[in-house]
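Here the structure comes first, spelled out in structure tokens, and everything after it is commentary.
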Amino acid sequence: QRGQRGPGGTGEAGGRMPLSRRVAVVAAAVAGAGGGWLYLRAEKEQRQRARRQAELRALALGQGNFSLLDHRGQRRRKADFHGQWVLLYFGFTHCPDICPEELGTLSRVVTLLEETPGLPPLQPLFITLDPQRDDAAALERYLQDFHPRLLGLTGSPQEVQAAAAAFRVYCQLGPQDEDGDYLVDHSVLIYLLGPDGLFLDYYSRSKTDAQIARSVRRHMETYEPLPD
């Protein structure tokens, strides 16, 4: 006699799968869909990173060398920092608010990344755009309020101008007041350089220290040296 099932039957003879097996099938389908979504998202992020990196490197920012004096009086060239990750900011010590804020952000980024085990060290640099007032001694006094490894760089007006031009930094001295004081109008960006010395990314004032730290960490974790 053939098996029969009523309207609510669950017997296999009626062609319905046991509940436990149906649950397993649904779970497997959900897991497969979830895994596929994660894969697609990772692939999309990888394409976006590759496109972003290609766009940034096509700008050829910071490819030229610079030769400046650090705040201890030692001559420093861009090639001296090859093999290191560098976070760089251009500004001036007489800046009333923006430069101290940005150097504070830069310093906190370095501290955040130092707290992550396994990451390579990050060298913070500050290049003055006002070498007439910012000699080595002035930089040394100024940098005491920021990260202890922050290195200040200065030089002749021609040397500073060449360094700024290598990173396409806009810089314009403002008019002097009665006391001979003046401001410097300039680009406000933090630049990230990879161990090969190439420009990898930049961060505007809209980015927080946590956001910049996450971006730098991602660059470090996905970095691949350019072929020779």
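Here the Cβ of each residue, glycine as well, is placed from N, Cα and C on the backbone.
Just so you know, TrEMBL annotations are computer predictions that nobody has curated.
TrEMBL lists Cys95, Cys99, His186 with the feature Cu cation binding site.
Annotation comment: TrEMBL describes Cys95-Cys99 as disulfide bond.
The transmembrane segment annotation in TrEMBL covers 23-42.
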Close in space, distant in sequence - Cys99 (Cu cation binding site), Cβ under 8 Å, 6 or more apart: Tyr89, Gly91, Phe92, Thr93
His186 (Cu cation binding site): tally of other CB atoms within 10 A of its CB: 20
